[in-house]
Structures are given as structure tokens and as C-alpha cells.
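The structure appears below as C-alpha cells.
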Ligand code: AP5
């Protein structure tokens, strides 16, 4: 099964993708994570993307589409893909069709996480992750059970993203409204879009997604 999780920054795409990976052994393909890894490694892709990401704008379609193709080629043919943060423009949506066709895959579901934009700034600015295993936490909504220690790996170092500040978040939301939300009708016309209330508690969002996948 191949699915897209679509929604604005902070809607919960990464949170739900991690849960799908744990439950179903699917693979999360997050272009944001891939770009951050490239920035950290100082690759040519990372050097091109760094400043764009820090401004909260979108990096070039060609660059992210190449990353997605490479990741799909590196995973097993039977492993389902969760596209998290991709596609984000009409051009990327078109390219994804070609990428999937060329690999004998098809899109089964596009799950739209609908959210109240005002809540997103709080969600994003309170977010942090374990520096060792990447497990996500939040100052208010999901703290480690033992303060200062990761629930998953026991790590004690945590980090925050440089683009998770209120000003950049507003640019990211504007980019979503202008370039990403308009791709929904492409998938609605194919009858594969399901809407989930991303403002519900995390476990309820997970349950709603599971119901869609079983249908
Ligand atoms: P990317 O990494 O994709 O970031 P994003 O889309 O802005 O999404 P986020 O990771 O911020 O949010 P999320 O929906 O995953 O939320 P999360 O689950 O963490 O992209 C970063 C940048 O890379 C872009 O700005 C762009 O420059 C570049 N880029 C990436 N892909 C690109 C592409 N395809 N094309 C061009 N450029 C690209 O949740 C947020 C917080 O809320 C967490 O703390 C979580 O604990 C909490 N939370 C989650 N769900 C709930 C809930 N139901 N209730 C309460 N709290 C919740």
C-alpha cells in the first residue's frame, strides 16, 4: 500500500507516519527528513536546501523528486510507502505519478489531516526530538515519561529544528496554502482522498487512519 499524508506544517504527518511504520512495517519517506540529513552531511543537496528551508520556503521540485526516486529504489518492492511532506506542488504530484508508474506502484490513499492553523504555531514551536533515535515529543502534548530521558532509546540529548520558530512557521503555512493545498483536487478527482480531523487527540487520529486503511 502506498499512501500520502497531506496537511500543513504541524498537522501531525510525521507523528502518524511513525505510528504506521511501527504498526505495519511501512516505510516513511519524509522529504523534510531527507533534506535535513543532507544539510547535516553537507552534501551538494544540503548546501542548496539549507537557506531555503531556514526561510520556510520550498526547495526545488527536481531536487526533492530525485530524493524520493532514490529512496523508493532503495526499499523492498513489497514494502508500502508513506509519503510525508511530498508531493507539495502540482509539479511534484505529476512527477510522483511517473515515479510510481515506473516502479509498478500505485497510490492507494491520500489522507488529508485537517487542522486549525492557529493551533499549529503552538504545536510546532513546542516540538522537539530525541537526538539519538529521532522520536518526537512536545513541551505540552507529549513529554518523555521520565523527564530528560527518551522513552524509546534512553537518550538524554534532545534537539529542536531551526525552522520551528513562529516567524518561519508563518511562511511555511503560507507556502502550504499557496502551493500544496491546491493539489488536493487532483487526488479528489481520482476518489482516493479521505479527510481526518487532525485536531483530535493523537490516538484518535491514528484510529481514524487505521479505519481508512482497512476499508
Ligand atoms: P517538513 O519536514 O516536511 O516539515 P512540515 O511539512 O513543515 O511538516 P512538519 O514536520 O513541521 O509537521 P508534521 O505535520 O510532520 O507535524 P508533527 O507530526 O511533527 O519540511 C521542512 C522544510 O523542508 C520545508 O519548509 C521545505 O523547505 C523543505 N521541504 C520538505 N519537503 C519538501 C518538498 N516536497 N518540496 C519542497 N520543499 C520541501 O507534529 C507537530 C507537533 O504537534 C509534534 O510535537 C507532535 O507531538 C504534535 N502533535 C501531532 N499530532 C497531534 C495531535 N493530534 N494533537 C496534539 N499534538 C499533536
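All residue numbers here begin at 1 and follow the chain in the order shown.
In case you wondered, yes, glycine gets a Cβ from its N, Cα and C as well.
Among the candidates 19, 160, 161, the one that TrEMBL lists alongside 31, 36, 57, 58, 59, 85, 86, 87, 88, 92, 172 as binding AMP is 161.
Binding of ATP is annotated in TrEMBL for 10, 11, 12, 13, 14, 15, 200; the matching candidate from 55, 103, 127 at the same site is 127. Of all the binding-site residues listed (13, 88, 127, 161), 161 has the fewest other CB atoms within 10 A of its CB. The number of other CB atoms found within 10 A of the CB of residue 153 (Zn(2+) binding site), across every protein chain shown, is 13. Closest to residue 127 (ATP binding site) by Cα-Cα distance, out of the binding-site residues 57, 59, 88, 150, 161, is 161.
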